[in-house]
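Undergrad: Mind having a look at this structure? Questions to follow.
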Amino acid sequence: VSDYTPAVTLAERSLAAVADHIRSGKAHRIVVMTGAGISTAAGIPDFRSSETGLYAHLAALNLPYPEAVFDLDFFRTNPKPFYVLAKDLYPGTFCPTISHVFIGLLASKGLLAQLFTQNIDCLERAAGIPADLIVEAHGSFASQRCIDCGAPFPDDKMREHVARAEVPRCIHSQAKGYGRYNRFVCNRASSHGRCIGLCVGLVKPDIVFFHKALPELFYERWNLAETADFALVLGTSLSVNPFAALPDSVPEPVPRVLFNSERVGSLGTRADDVLVLGDCDTGVRKLADALGWRDKLETEWRQLVGDQEAGRQLQGMTKRVRDEVAQLASQVDQVLHLDD
């Protein structure tokens, strides 16, 4: 929309107006939608960045194409690359960012109606956001099961396998009654000394691989976006459907605020859209300042992650700002031909 287009619900398209709207009590069914950009400060690279993304680092795994690591057919034939990647991404390796904690603060204040996330890193859970307020649209590492029989696999054994980048196999017997098994092995160490058929199917975390259906919960909770009175969108390219369509289901003139490195989707086309371009944590801190929540937010974040991790994330943010400034200066030099 044009800068001259007046806002309808907000006093103006600014974070100050957003904060006034929230403080007034007019936003009490806030829906948040997040992508990989909310976790980059934690040290988790996003997927698609040309030089720093996960796909850019998968060449050493000799994949036929980068996305094959999340392709079920490829996983069935060669699950090893996925578990090499899983070792680096598994929960417990990384700490929540201040953006995660901000969403947790919304929840603790009773303002969060639902968090829809594309992320599989479980950092929302680590930030203390109640599980019933989280929809992990693309699944997560929080649980795992056999891809043949559907039997769940123990968390502790999964952690052991992932730590060694080893592929786990199903350990359930026919007697458990899980689905139909494609293959069996004989377990003669059973208590009765008889041969018991065990499923040895591949085990996979409950992450949604390409071309597979999203969890039913995603569609069951879709109406919460349609009935929201405020929406926050953080760190997502909105390039993967059906998640990409979620912000569009928020009705007009409900305010939508985008914290992202660039404008995405239809954000910025409505009178009450507010765009805060840059890294998520910087934008969230600005909103926390406007709300008067900054001290509480910083305190809770540091208590959660510790001073050393907080310092590391802040140092990374400073480096990103310097890199962006250097890149901008280089672009200006090219345009003005200062090197000639």
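Note that Cβ sites are derived from N, Cα and C of the backbone, with glycine treated the same way.
Quick paste of what TrEMBL says about this protein:
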- 8-294: domain 'Deacetylase sirtuin-type' (DOMAIN)
- 36-40, 46-48, 118-121, 236-237, 260-262, Cys280: NAD(+) binding site (BINDING)
- His138: active site, proton acceptor (ACT_SITE)
- Cys146, Cys149, Cys186, Cys195, Cys199: Zn(2+) binding site (BINDING)
Undergrad: Express the distance between the Cα positions of Cys146 (Zn(2+) binding site) and His138 (active site, proton acceptor) as a whole number of Å.
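TA: So the Cα of His138 (active site, proton acceptor) lies 18 Å away from that of Cys146 (Zn(2+) binding site).
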Undergrad: Rank aside, I only need the closest one: which of the binding-site residues Ala36, Ser39, Asn119, Thr236, Ser261 has its C-alpha nearest to that of Cys199 (Zn(2+) binding site)?
TA: Asn119
Undergrad: Rank the binding-site residues Ser39, Ser261 by the number of other Cβ atoms within 10 Å of each Cβ, and give the residue at the low end.
TA: Ser261
Undergrad: Within the domain 'Deacetylase sirtuin-type' (8-294) only, compute the mean pLDDT.
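TA: Result for the domain 'Deacetylase sirtuin-type' (8-294): average pLDDT 88.
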Undergrad: For the binding-site residues Cys146, Cys149, Cys199, work out the Cβ neighbour count at 10 Å and name the residue with the minimum.
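TA: Each of the binding-site residues Cys146, Cys149, Cys199 was scored; lowest Cβ tally within 10 Å is Cys149.
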Undergrad: Compare the C-alpha of His138 (active site, proton acceptor) with the C-alpha of each of the binding-site residues Ala36, Asn119, Cys149, Thr236, and give the closest one.
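TA: For His138 (active site, proton acceptor), the closest Cα among Ala36, Asn119, Cys149, Thr236 is found at Asn119.
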Undergrad: Inside 10 Å of the Cβ of Asn119 (NAD(+) binding site), count up the other Cβ atoms and send me the figure.
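TA: Step by step: centre on the Cβ of Asn119 (NAD(+) binding site), count other Cβ atoms within 10 Å, giving 22.
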